[in-house]
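*Asks:* Reproduced below are the annotations present in Swiss-Prot:
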- ASP201: S-adenosyl-L-methionine binding site (BINDING)
- ARG202: site 'Required for binding 6-hydroxytryprostatin B' (SITE)
- HIS244: active site, proton acceptor (ACT_SITE)
Amino acid sequence: MTQAVDIGTIQTLIRLEVPDQVPLTGSIPYDALVKKLKTPVDPELLQRLIRFTRLVGFLDEDAEGAVKHSPMSAIFVNDPDTAGQARFMADFGIRPCSFIYESIKLDPSGEAARQGPLALMAREPGAREGPTFFEVLEKDPVNRKRWHDGMAVHNDSMVRHVAGAYDWGTVQSLVDIGGSEGHVAAVIVNAFPHIQITVQDRPEIIEKARQRGDRHPNIIFEEHDFFTPQPRIADAYFLRLILHDWNDADCTRIVRQISSALRPGARLLIMDAVLPEPGEGSLQSERRLRRSDIGMYTLFSAKERSLAQMRRLVEDCDSRLRFEKLYTPPGSHASMLSWICE
């Protein structure tokens with residue numbers, strides 16, 4: 001109950017856009033604050049909410065009882081990218097969790113995206129299934145932008161580990177599948193300037209990437225749907241933070257489409273979180289990874305996978321693929337797994 005109240009109250013204030021209406025310096029009385037909100041709320045009720053959240057560090061009051069920012073809530077004014085992530089989580093990260101039980105009743109496997117927690121949250125009243133995560137975002141440009149901005153922040157914090165995650169010196173040509181606007185490719189090619197990299201993604205993302213003025217000459221961009229056959233022949237194919245967004249059946253489709261292009265000696269490289277065995281590693285690390293696993297389930301009906309699960313998924317797609325190694329760069333939440341085609 002304690003954490004539910006903490007999370008639910010802060011979520012409510014974020015969705016009411018209260019932090020946006022509080023001045024960064026100074027304060028604002030409750031009567032004036034409620035007049036700025038798009039959603040009507042009684043000043044006394046708003047006061048009750050804020051007088052609770054101030055005790056956990058979100059918003060505060062001055063000596064006269066007017067509302068002012070705390071360091072945590074000031075992020076909504078000072079840091080738009082992080083604020084966008086918080087708003088996205090208020091809409092999509094928390095609410096689907098209350099549909100987990102209902103989702104299990106409809107889909108005990110946890111694999112049906114249209115009966116997953118988020119789909120049930122977004123469904124029409126009385127329906128037994130709903131839209132997928134990506135379909136929801138397609139109709140919600142505000143949260144779509146928050147999602148992409150959040151992914152950019154997340155990627156910026158993790159990209160630095162990519163250059164040291166694999167011996168890129170042995171690779172001459174690389175296909176970065178689902179590589180967005182080429183941020184990861186740029187890190188690799190700046191550290192290993194001999195590599196020729198093809199970045200593949202959806203048409204609208206590739207169009208945006210091509211408009212950037214800082215493209216490296218060794219990076220080319222190509223429109224590609226990874227559920228269709230891979231058109232490029234290369235030394236290595238790279239899936240970074242892709243498979244954890246998809247259930248096992250869809251991951252099998254993705255890997256098999258790459259398999260059609262593999263030649264002897266080519267490598268499949270997958271960089272994703274790898275779930276530990278229970279009790280393996282630190283409690284903090286395991287908690288973070290398993291929280292991510294449940295997050296993938298609630299949003300996508302997907303999962304984080306253990307090494308055994310990842311190997312089984314890949315090697316069942318193509319018997320020519322022999323597992324080589326797993327390497328986790330120091331400080332990274334994701335590991336690099338490599339297979340060679342024999």
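If you go along the chain as it appears here, the first residue is 1 and each next one adds 1.
Backbone N, Cα and C define each Cβ position, glycine as well.
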*Asks:* Among the recorded positions listed here, ARG202, HIS244, which has the most company in the form of other Cβ atoms within 10 Å of its Cβ?
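*Replies:* Its Cβ has the most other Cβ atoms within 10 Å: HIS244.
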*Asks:* With Cβ-Cβ distance below 8 Å and at least 6 positions apart along the chain, what are the contacts of the residue listed as 'S-adenosyl-L-methionine binding site'? List them in sequence order.
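*Replies:* Set apart from the residue listed as 'S-adenosyl-L-methionine binding site' by at least 6 residues yet with Cβ under 8 Å, we have GLY178, GLY179, SER180, GLU181, ALA209, PHE221, GLU223, HIS224.
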*Asks:* Measuring Cα to Cα, how many Å separate ARG202 (site 'Required for binding 6-hydroxytryprostatin B') from HIS244 (active site, proton acceptor)?
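*Replies:* On Cα coordinates alone, these residues lie 18 Å apart.
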